[in-house]
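First comes the structure, then the notes that go with it.
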């Protein structure tokens, strides 16, 4: 007899009750602790930005807070000891770990907004691509070899090998960072995976012999249970539904917001942020769900940006808007700093403004892996510092005249000088030089994506050992900035710490030089301005 509607409704409520019981801790973190922590980080950035405003220097508050947090944690560690500092870091890591896990998502607005850039000829596009690719390969190789040479010169290679050998025995002292390598949208937890024991209710129904902690029979019962072939108890329909919802909780949550909040608000009031933000997130989940071998060519930032442009364009066409109007609603240039600064007549923020604001929290959060590997940063200061400074000077004074000499327009030529910076630093540096801001953002993000796609292959081609985390970190951080650092957070956290420092030093030197008027005049003179 087919189940009636009452049974379906009853099973649905039972599934929801089971999901609520299994995931309430996760949801408290996701929707209360993380937003509260992100707001606190942004408040700190707002305060630092206000202090910077009293000076004549243009410097991003997020990078300043990154440096301040790193220094403050070191000071606290000296004063109250390592164990108490670990407890403090574990609290900071609740919002910071989330911000680092989804840092790639927050880079997507730079590509979504590319259609708003001034049109350029196909010939100039070809020249830009040529300089971009050749420049990346050359600068990456020079950075890697320079780091290797400095390690040999100062004798840090042997120290690095010793540290790597000792690393396995020191893992218990590491400060835990909530950075996950999960890529499937069915498991993209907003904060942390559901604890195994919380799923025991569902698993026990599948096989009562299994231990909730290990999903397998206790060791002493293996011999007696193997010969006995018993059919596991079937899951009830409510348990099957609960398991599905748990696996896809984020996907279902954002889909519900998109359908039942975003779309009605958009078509009733014209306010696009809820529908565009949730669609952007869903596009990112879809891009992340691709097999790893596909993502070697289709980076989630690029793919999700393309899906987002197409999706919000279709949604806007239904309302009769053109692409410029749609993308104008996607980013209205209303960030948290402007709101909290009390500026009047500000438009409501768009999805791009929300992502750009949270990106500041992600940049600040990079202080945590830097602090975790602070001893390595101190030991290898010279191989980190000198290549970063050399790379900054070479980019500022090398790229603009090269680009200008082959016919690339002056604004884009100037934008090339900040191509390897993280977005938070590339934008003000390009502004100081008078470069094309959209081009600078696209070049900066593409450098990061290219580093993720081919960085490891380049290092192998250059004969860099996989355990040489110093060269890996500096080469990736100096040439591929925060996107490559996000990759290293998963594959090699120690290299990620060096990558963060290299990225920061490179950006700080570049921004400092572009804040000096005589230097700016010299660089602009190289492109005929």
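Every residue, even glycine, has its Cβ placed from backbone N, Cα and C.
Predicted automatically and left uncurated, TrEMBL annotations should be read as such.
As written in TrEMBL, here are the features:
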- 30-52: transmembrane segment (TRANSMEM)
- 58-80: transmembrane segment (TRANSMEM)
- 87-108: transmembrane segment (TRANSMEM)
- 128-147: transmembrane segment (TRANSMEM)
- 202-212: compositional bias 'Basic and acidic residues' (COMPBIAS)
- 202-226: region 'Disordered' (REGION)
- 251-269: transmembrane segment (TRANSMEM)
- 297-318: transmembrane segment (TRANSMEM)
- 439-462: transmembrane segment (TRANSMEM)
- 469-490: transmembrane segment (TRANSMEM)
- 496-516: transmembrane segment (TRANSMEM)
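Distant neighbours of the transmembrane segment (30-52): 59, 61-62, 64-65, 68, 92, 94-96, 98-99, 189-191, 336-337, 340-341, 357-358, 360-361, 364-365; these residues of the same chain sit at least 6 beyond its ends, with a Cβ under 8 Å from one of its Cβ atoms. For the transmembrane segment (87-108), same-chain residues at least 6 beyond its ends with a Cβ under 8 Å from one of its own Cβ atoms are 29, 33-38, 40-41, 73, 76, 175-180, 190-191, 280-281, 284, 300-301, 304-305, 308, 355-356, 358-359, 361-362, 364-366, 368, 371, 423, 445, 448, 482-483, 486, 489. Looking at 297-318, 439-462, 469-490, the range that has the most CB pairs within less than 8 A of the transmembrane segment (496-516) turns out to be 469-490. Beyond its flanks by at least six residues, the transmembrane segment (469-490) meets 100, 103-104, 107, 136, 139-140, 143-144, 147-148, 151, 156, 160, 164, 177, 179-181, 301, 362-363, 366, 369, 376, 380, 383-384, 387-388, 391, 420-423, 444-445, 447-452, 455, 459, 496-503, 506-507 of its own chain at Cβ-Cβ distances under 8 Å.
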